Structure formats: C-alpha cells, structure tokens
Amino acid sequence: MTDSTAALPTGPSPDRRLRVLAAMSGGVDSAVAAARAAEAGHDVTGVHLALSANPQSFRTGARGCCTLEDSRDARRAADVIGIPFYVWDLAERFKADVVEDFVAEYEAGRTPNPCLRCNEKIKFAALLDKALALGFDAVCTGHYATVVVGADGHRELHRASDAAKDQSYVLGVLDEQQLAHALFPLGDTRATKEEIRAEAERRGLAVAKKPDSHDICFIADGDTQGFLARHLGTAEGDILDETGERVGTHTGAYGYTVGQRKGLRLGHPAPDGKPRYVLDISPVDNTVTVGPAEALDVTALTAIRPRWCGTPPAGPGAYTAQLRAHGAETPVTAELADGELRVAFAAPVRGVAPGQAVVLYDGTRVVGSATIATTTRAVRARG
Amino acid sequence: MAYLDHAATTPMLPEAVRELSAQLTVTGNASSLHAAGRRARRTVEESRERVAAALGARPSEIVFTSGGTEADNLAVKGLFWARRAADPRRTRVLASPVEHHAVLDAVHWLADHEGARVEWLPVDAVGRVHPEALREALARDPHDVALATVMWANNEIGTLQPVPELAAVAAEAGVPLHADAVQALGQTAVDFGATGLAAMAVSGHKTGGPYGIGALVLGRDQSPEPLLHGGGQERDVRSGTLDVPAVAAFAVAAEHAAARHAEFAREVGALRDALVEAVRAAVPDAVLGGDPDPAGRLPANAHFAFPGCEGDSLLLLLDAQGIECSTGSACTAGIAQPSHVVLATGADPELARGTLRFSLGHTSTAADVAALAEAIGPAVARARSAGLS
C-alpha cells in the first residue's frame, strides 16, 4: 500500500469530515477499513454487532464473527486505532430478518444467501438507521467494492478495483439511499490479502494474523444440514431421476441445492455412468430430482424483489449477470416486467439455484439485484 | 472532559500515590522472619490498625483482599460453607435483589452448585430493604438461614440501606449479616463495630486508594471457609503474600475517606444537587432513580431514566462530547443489560433501558456539571429519535 493515507475516493462527500460508524466484526478487513477511515480524517466510532443471543466464547476454526472473542478483537482494534467502541445488540433483528428468512427459504426449496440479506436488512438498514438517527453520516465496512458519484450526481456501486476480491455481489441489494451513506475504504485497494494483513500489522492491529471467516456466521460448526434439521426436522422422501424412477432417499428435501453433486448417496449408478446432479427440489411432495449435468443448463430465469442501485432499467437491456458469490459473469438480456426481473442468457448456464441473487452489472457498475424465483431449462427435467 | 463515573473508579488521592510510590521501593515479604519481613509486617500491621480505626473495627477484624469482589465472595461463599458445615439445616440465603454482581452472582452460584435456597428480600420503590422484611424472612425459620446479605449503599441508584437496624434484626436471630460497603465508604458514616454486622466489604480504588486492594471486615466470631488456600495469611482466611504498598496506600485512603465523609457529603452533595437540577431543567421528563430524599442516598450519586432512550445511545452521544458516565448496569459482552436494580424497584422494563448513572467524586467541579447540563438535552433528543431498537 502506498496511498492508504490518501483521502477516501469513495462514499459520501469525500472532502468533508464525516461522522462515521465503522462496523467491526473482529476481523482484519473491517479493522483496516476503520483505521483508514480514521486516518483519512473522519470522526470514527467503532461498533461490533452482537448478532447471536447466546454467543460462543471462542471462535471455532475460521467460522463466524459473532463470538465473544471476535467482540474483544474488535474492541482491541478500536482501542489501537484510538476510536470509541460499542457493542450493539441486533440479535433480535438478525434472527427475524436473516436467520428465520434463511430457514424459511430452505424450507421452500430455495438456497438463500444470508450475507446479502444481512447487508440489506441489518448493516445498511437497522444499523444505518440507528447510526443516522444518532447523528452519524455514514456506515463504514470492510467490504471490497467502490462507490462513485456518476456524471449525473447519482451514486453508483462498482466492483472493487481488484476483481479477485470484489464483494459487490453481496452489496447488490443496496439502493441509492443506502449507498449514499456507505463507506468502503478497502474498495480501491489493489492489494493482496497478505498486503492488507501487512497493513494491519504496521498499524499495530493484533487481528493481522487472524484467519479469515468463511461460511455462515450463525452456524458456528459449519454444519448447515444439521442446523436445518434442528430447525425443520427430518422427513424422509424420495430422490427421483429425470424419468421419475426412485434412485434414493433423503431425510428432507430442504437439505439440497440445485446443481449439487456431492452427498447424494444414490443407490444405483446412472445408466450412462455419468455423475448426477440435483435438478429440482420439490418441498410440496418432499422429493429431490437428479439428472445429468446437461439437464442443469438454464436459458432464462425470473427473479423477484428487485432492488436497484439508481434508476431501474426502462426496457430490455444488455448486461452481465453474476449468479452467486464469487461466480463468473455471464452476458444476459434483462428487463423488468410486472415488477419481476426477466433474464435471458446469451448462452446456457449451469447451477442456477432459486433463492440466490442475480446481480446485474453494466461494465463494473452494479445495476441491481433480485432473488431468483424460477428458471427455464434447456432440457426439460422431467416428463 | 467531564468525568462523571467516580463510582466505577475514582482518582487516587495524592497522599495515597505518595505512600504507594514510597513503599514500592521497599523490599520485604510480610510473612518473612528477617529484618526486611519485619519491616514489611510493621507497615502492614500499622496499616491494618489505621483501616480498622477508620472503619470502627478492631485490627484483627481486617482481612485484606484483592478488592471488593473478593471480599464479597469470601463473605457470601465462605460464611455459607462454614455455617452449613456447623449445621446442615442452614442452606437458606437471604439477599436483597439490588446487590452488586459480586454478591448477586456468588449467591446464584451457591444456589446452582451448593444447594442454597435463595430468598430475595423485598425492596420498596427506591430499592430499600425494610428491617421488618428481614425480620419476617428470618422468623419463618431462623435455624435454616446460613447468612443474610444487604449492601450498605447501592452502586447504581445510590440508595442507602438501614444497615444498623438490619444488623440488629439479624443479630437477634443469630444470623450473620454481610454488607457490601464499597460505595458507602467515604460518602457516609461507616462504623462496623457500632452496627453489629458480621462482615463488610470495602475496596481501595473506589475511595482514592489503589486498584487490587480491599478488605473484608470480619467479626471475630466469624470463620468463613477460605476461597484461597495457601500460606495461612490473614487469620488463615485469605492466603497469599500481602501487597504491602497497596495495603499501605489503602490505609491512607480509608483514613481519609472516614475522616472527610461529612465534608465530602456537603461539598459533593451540593454539586450533585446542581447536577440533578440541571438534568431536570434540560429534560423535564427524566425520572430520578433511587431515593428523592438526599438523606437517603449517596451524596455523589445521581441516577436517571430517560423515557424513550436507549442508555447505550446516550452513553455514545455523551462520550462523543467528552462526558464520561455509565448506564449503571452490568454488561454482558459489552451489551448493556437492563439493570436488575432498576427492575427490582418495580420500574417499567422499557424505562429501565434508558438509564444513566452520574457519579461525582473528590475531583469533580462545577464545570463538569455545566458540561453535562449543556450536552444532556440535545443528547436525549437525538437518542429519542434513534428510539429503542
């Protein structure tokens, strides 16, 4: 890093000294983000979100950000940066808006992305609202994405300078109002994770060597299936192939994701000996349908609950789409019809799971996002 | 900066700093037999005599501890174990529900791990235990009570308890009464001998002494089971090499606290009254917690509930203005919990979320009060707009 002391090029009114509330998870990214915001001259206050009613004492492995240890790490970082630090209890909101939604989505046979949901409902809603009410101008996080003010004065969300670390996908749910109060000091960083760690080290932040967090923060042991089984119970059902023949059993259709290959434990091999994938999940009759890879090819999708970063697109337009975190971009034509987003792929794509978000890009700019509801298959799965 | 959190810790007195600094250069384990040990022992015993005189106790009744928390734990657990060992019927513990966590959690621990049956003594709307309530609880069966514990002065809302009367009632029934006097010392007359208490906890850093030192004042007929086993120091009740410099500096602070409490109450009490008036003027619907009669509360304590506010939000906003205070209640992982003290007084749980404790001390000035007077109105208005999350 050569220019970490430069004025923040992103976010609201960069030349003004802002009152910034830095969300600090206890990890290295959010700590460095808070430090950079403070160094840029903003008046920064750190806050750790307590998102679990019964936090565990210590981190187990690399998961989560909600243990007491993470809270202490965040406080320690805030003390070193020299900013006030508080813990805000948003456990109730998190449970209602993220955890229960997560369970309900799986129960309906979809595959939700709780990080998007958390950004939309917690970090840039519950937290931001409280911050604004208390007189703060912006919420700062350690996400890798950039906010730029467009030619027309509107705020735009763009991919991070370093595409490999870009996290604009999980921020695709933010509208312009939310973006107007978002600060992402790491967004313009062309630095490897090692360099961010080195910067943390240089700043005396003890979290410099802390392992990255992965997976879902509220499932401490990483066992999503076990978590779902605890919440939804188990119900034995059939696994069918695309002809409708029973090829195995499962203990709950909700436990599967479209495109999943591993863990199917099918008794009979496919006649052609090729691997089989989950094609469909039907919670109504508790069945899971499997089939060959080519049956996963999707030519179009519809998505609901669209959220736009700026003006919604007027007619059909050419964009690129990202269909999951860290997924590749693919060219599409998209249009808004009856409040629903309709997306047609230039070439068939695989592994499109209802419940995930489709985020539309125009170049590096995030146009908007919506939750995938239905898909159109190149090959009919059944019947 | 306006430091309005003296109940959390108060600056050391210059005299105590001097004593501590002087003693830090002196070598000697007070348990050693040689000259260095004898010198240390003399310092310790003279300090013990000074602390005893300050608290109306005999020197042999002073058991030095690491602070108020240890003293409370030693009294509650130690007396429970000893009294039950003497008579297995004694498993009932009578406690006020407004105790500091050092007592409260020790009592809960006894209930969870030692089969103690806890009976919470009723308190009135200012958090006071009436002697009649203790008498009734004891009369149900005086033979099955291990101990009773009622703090001298509440750390959150400042309410003073009628300790001499309570101690008399307990003594009649032959039951030891422990009082946490950590907040009381220096703010009101604290005379152990005159009250007939069985045990009393005091702390150094709350009264102008150093951190890490305190004492359990322990009646000579009380032999609690130790928490710490080892070299048999402190009447065999609290093993561990004594921190001679801390003991000596604590003695200076305790002496000062006892000698000056009336003066402190007059001067700091006047500042506190001005603070209460200023807060009420700025926020007319603020609700004063604890006893509205100044004679019934600590002279340095003011406690308010601000309707519609989150205490946390107020803390953040005042902190940003350089005003340091506390919500008064304990935190769990940094998250303010609704105060058990405020809830015990029957306050509306919603109101209990928006409390602040302002506590003054020997370095407080009118400028501190003025700074709060200026900041509190806008802070409350802002916190209200953020609402209760």
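Cβ from N, Cα, C; glycine included.
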Item to check | Further ATP ligand in TrEMBL, beside A:Ala23, A:Met24, A:Ser25, A:Gly26, A:Gly27, A:Val28, A:Asp29, A:Ser30, A:Gly142, within candidate set A:Leu49, A:Leu51, A:Leu116, A:Leu157 | outcome: A:Leu49
Checklist entry - Secondary structure at A:Gly27 (ATP binding site) (DSSP, helix/strand/coil)? => result coil
Checklist outcome for this item: Taking DSSP H, G, I as helix and E, B as strand, the domain 'tRNA-specific 2-thiouridylase MnmA-like central' (A:226-291) contains 10 helix, 21 strand, 35 coil
Checklist entry - What is the nearest of the recorded positions A:Cys118, A:His143, A:Cys217, A:Gln356 to A:Ala23 (ATP binding site), using the Cα of each? => result A:His143
Checklist outcome for this item: One of the recorded positions A:Ser25, A:Leu49, A:Cys118, A:Cys217 has its Cα closest to the Cα of A:Gln356 (site 'Interaction with tRNA'), namely A:Cys118
Checklist outcome for this item: Mapped onto three states, the DSSP assignment of A:Cys217 (active site, cysteine persulfide intermediate) reads coil
Next on the checklist: Applying a 10 Å Cβ distance cut-off over all chains shown, what neighbour count does A:Gln356 (site 'Interaction with tRNA') have?
Outcome noted: 26
Next on the checklist: Below 8 Å Cβ to Cβ and six or more residues apart, same chain only. Which residues does that give for A:Leu49 (ATP binding site)?
Outcome noted: A:Ala23, A:Ser25, A:Val87, A:Trp88, A:Leu90, A:Phe94, A:Ile122, A:Lys123, A:Leu127
Checklist entry - So which recorded positions are near A:Asp29 (ATP binding site), with CA atoms within 10 Å, out of A:Cys118, A:His143, A:Cys217? => result A:His143
